[in-house]
């Protein structure tokens, strides 16, 4: 399989970078829970997509109210991880985050068998390394034109793998392997994201990013081409906002503030909203009975597609 998996992964990253403006390609924004406006007086489509995920919400839209309630009851059992009969804010928050990250988990599951060579439902570093780089390891990349790049890729993969491996046993669970492939989605991997960003941009290797390097990562000027307005704006942003301590460089802390901006936790807010609206005895946790009594807020059904509104319930 050689380097196919790594090259494909890098290609997908590059494609994602090209899908956004150049000045935004390094910034990891938190994805919204739904494209719908969150207005419960109009409909609950935002809540449906937040609670179920966009694709699953479409499935529920095709169900009858009875089928929708039955499936919701089973979901509640999954959310109640400690099986105490209550859904807490923490449990609901984690569920919503899980549903919103499902596309990432599906991508990991799709390629899992390629790496899990001994079928123990875990991936050791040696398994990943041999699957991705195995053909070249014995020859030390001798027949690759740019072998230094591939050696660097291998070292970077190993460092990231070890960071994702929380218990340091050299073996990744599905959660740890997801953190390896998508470090920007995990709080404990933020240092890795920052480190790799700095290495990508810091061309002179002095451990910090100057204005020339910052702009060069976004824009390469052509002969006789005038600089676009957005590039000039980014030059101002570097000095006015990015370079917090005004020393002319971006250090690791400043890069973290740039590429991992603190944003509203939409999943947290949605969990609070759903509990507030359905917690009839105001004990700050909800039972299956309370959830099913408000099933139409959590999930959809054919009723949603045929004129249902909050006032009609």
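Glycine is no exception: its Cβ is also placed from the backbone N, Cα and C atoms.
Taken from TrEMBL, the feature signal peptide covers 1-19. Annotated domain 'EF-hand' per TrEMBL: 67-102, 152-187, 189-224, in sequence order.
For the domain 'EF-hand' (189-224), the DSSP counts in helix, strand and coil order read 19 helix, 2 strand, 15 coil. Here the domain 'EF-hand' (67-102) has a mean pLDDT of 96 out of 100.
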